[in-house]
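*Asks:* Okay, handing you the structure first.
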Amino acid sequence: MGWFDSQIKERLQFDAGEMKKSYVNLANIVGKKEKTDYGQLEKEDQSKDAVSKICKYYGVEKTDVPEKMEGMNEQIRFLFEPAGIMWRHMCLRGKWWKNSMGAILGETQDGRAVALIPKAFSGYKFLDYKSGEEIKVDSKTNEILKKDAVCFYKPLPQKELSGKDLILFLYQNIGLDEKILLLAAALSVTLLGLITPAANTLIFSYIIPSGQISMVLSIAFLLFGAAISTFLMNITKTLVQTKMETKMSVILESAVMGRVINLPVQFFKNYNSGDLANRVRALENICTIIANGVLGMGLMAIFSLAYVIQIIQISPQLAMTAFLVILMQLLIAFLGAWGQVKIMRKKIQASSKVEGVVFALYSGIQKIKMSGSEKRAFAKWASVYQNKAEAEYNPSIIVKIQKAISPALALFGTMIIYWVSVVTTVSVAEYVAFNVAYGMVSAAILSLVDTVSVVAMIKPILELAQPILKTPPEISENKEIVKSVSGTIELNQVSFRYQEDTPLIIDDLSLKINRGQYVAIVGTTGCGKSTLMRLMLGFEKPDTGAVYYDGRDIQKVDLKSLRRQIGVVMQNGKLFSGDIFSNITISAPWLALQDAWDAAEKAGIAQDIREMPMGMFTMIGEGAGGISGGQRQRLMIARAIAPKPKILMLDEATSALDNITQRQVSDALAELKSTRIVIAHRLSTIKACDRIIVLDKGRIIEDGTYEELNAKGGFFSELVKRQQIKSEE
């Protein structure tokens, strides 16, 4: 009843918290909010308040952290990971406060946590808990802070996303100061451009006819000042655009990477690494398109339409002719954009396939060399690349001639305007002023044409990235966070198949594994052993039935927090490029060097590590380059047991070990107090198991200890005899 009592206690605490929150919200509506006396807060409460401010900045609902979570890292993980917010430790170097990119959790020299919140326009501020006042971070106040801090990355919304949602996400992350500066700079350049046509009108219609040549010098100074101002405004606009592009790129790249990491395991079955990397890169290109295309050229083109009003005021007769030319330019632009979208879609899709094939060929280059299949490999690549080459080097005729037609139309328009001005009563002053203004309109239209072509690329990019955007992540704020597990696992009438028209891999299977049990799952190839483990880990979702941890349905809990309680070695697991210590502690970075050595001892790899050139800091390549298959497996076992999980799952984790080493590892596993579930083909290694479950065609056909099943003379006994005969041969 202990688990049931704890559940009731947690429910009562939750209800009490909700009631308290409701009273506070109602009181804030009808009454005056009480000002907090920050100076009276204890250091621990100040830390909680700082974390609360970070939560508020990122829109995360603050919940009570369990008392047993004493470390700041655990508290941050508990609060932010359900919302998909990634975080990392950083060092505050140089004048870091000048570029505000998001909230930071810092620490003062006396050990008090502070929330460093971006200011409205630039820089950071934080609350001084001693005085209760907000302090701006500068070179002087920066000395109050320690160099070590924690930065956070805002995630994409944890739901199915559309292209509109993505654009809105980027727009919301552009600062108000950047929006104002960009609009002001673009508008200033446009307004300054109106001076030149007006000055020409003044010179040719008033100054020259009146003979007041001395005024020309004043006009010249005015135009010179306008030119300098335009130059400065253009520099400002470019700097703001660059800052916005950099900011959006950093935010989007981290958000996309965080989303990809948190996608369900089933998602990665459909895309290889090269294809997926290409889709992620495509999303990152959107930032450049928005910053340079939409916000840069597009904004200038829209503001430059003010020149249209000016040319109407100068000469309505010539304006009608100019409008016809402009309409022709826009028509050509939209036709070109339509053709560009078709080409880009074909090119992007072909590029994705090429990336996938190239990655596969590079990954298997040793096998290609050994089999002498270089020509076939090249032919495979060429068959995929030809579609990309065709789209890139053989576009439609409208796309080829578009960039040539637009300038030609502008020149043709100038000639028509000249002819119309000759046959009408347009004065010389009007013509000169109109010609200058029309030149600016033409430049604006050409800029708009380029913008349309650039913006047209967004649609095919979003189509390529659609699988990433449309697939919801595994994490959700609405799911229960698993704070700890006892080790009890139950499967209730679980059935599963990988596709609808295929046989059941797991067929109406019910199983309960008690806390601390050492359980082996055995059976012939294809009986469903690995699939059963994938169901336990939430990698696959049962067609019917459910999987429970301590009575909690796995579909209703946060899978990320659950898996953190489990140490796992999968059949095709890999190590990461880096040193051995980092590989062992990658799932628990807070572990010390001695913890890594303890895990290595239990996994039987400690002596091998001592004999390596740099010991625990010996570098290994991606996929365990430089070490043997047996060493790789033992390192993965060390990685799984290093955090001392309550549950340990091993799928063929010792298949590459010799009998002596495998016996040592098996004996070490038998001494662990956690729930252990192992899948093994070598039956001699599971004699120490408390329980052996025999699967056949997705069903449990035998269940008992090694001695019981072997004496029974059933399916398991036959498996043992077969292996004994093979070993004797």
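Note that Cβ sites are derived from N, Cα and C of the backbone, with glycine treated the same way.
Automatic, uncurated: that is what TrEMBL annotation is.
Pulled these features from TrEMBL for this protein:
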type: DOMAIN; residues: 180-457; note: domain 'ABC transmembrane type-1'
type: TRANSMEM; residues: 180-207; note: transmembrane segment
type: TRANSMEM; residues: 213-235; note: transmembrane segment
type: TRANSMEM; residues: 289-312; note: transmembrane segment
type: TRANSMEM; residues: 318-338; note: transmembrane segment
type: TRANSMEM; residues: 408-429; note: transmembrane segment
type: TRANSMEM; residues: 435-458; note: transmembrane segment
type: DOMAIN; residues: 489-722; note: domain 'ABC transporter'
*Asks:* Could you tell me what the rest of the chain brings near the transmembrane segment (318-338), counting residues at least six beyond its ends with Cβ under 8 Å?
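*Replies:* Same-chain contacts beyond the flanks: 308, 311-312, 398-399, 402, 405-406, 409-410, 412-413, 416-417, 420-421, 424, 426, 430-431, 434, 438, 441, 445-446, 448-449, 452-453, 455-456.
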*Asks:* State the residues, same chain only, that lie 6 or more residues beyond the ends of the transmembrane segment (435-458) and have a CB under 8 A from a CB inside it; answer 'none' if no residue qualifies.
*Replies:* 163, 193, 196-197, 200, 285-286, 289, 292-294, 297-298, 300-302, 304-305, 307-308, 310-311, 314, 318, 322, 326, 329-330, 332-334, 336-338, 340-341, 344, 402, 406-407, 410, 413-414, 417
*Asks:* Report, as numbers and ranges, every residue of the chain located at least six residues beyond the transmembrane segment (180-207) whose Cβ falls under 8 Å of a Cβ in that stretch; write 'none' if there are none.
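*Replies:* Those are 213, 215-216, 219, 222-223, 226, 229-230, 233-234, 236-237, 240-241, 244, 295, 299-300, 303-304, 306-307, 310, 314, 427-430, 432-434, 436-437, 440, in sequence order.
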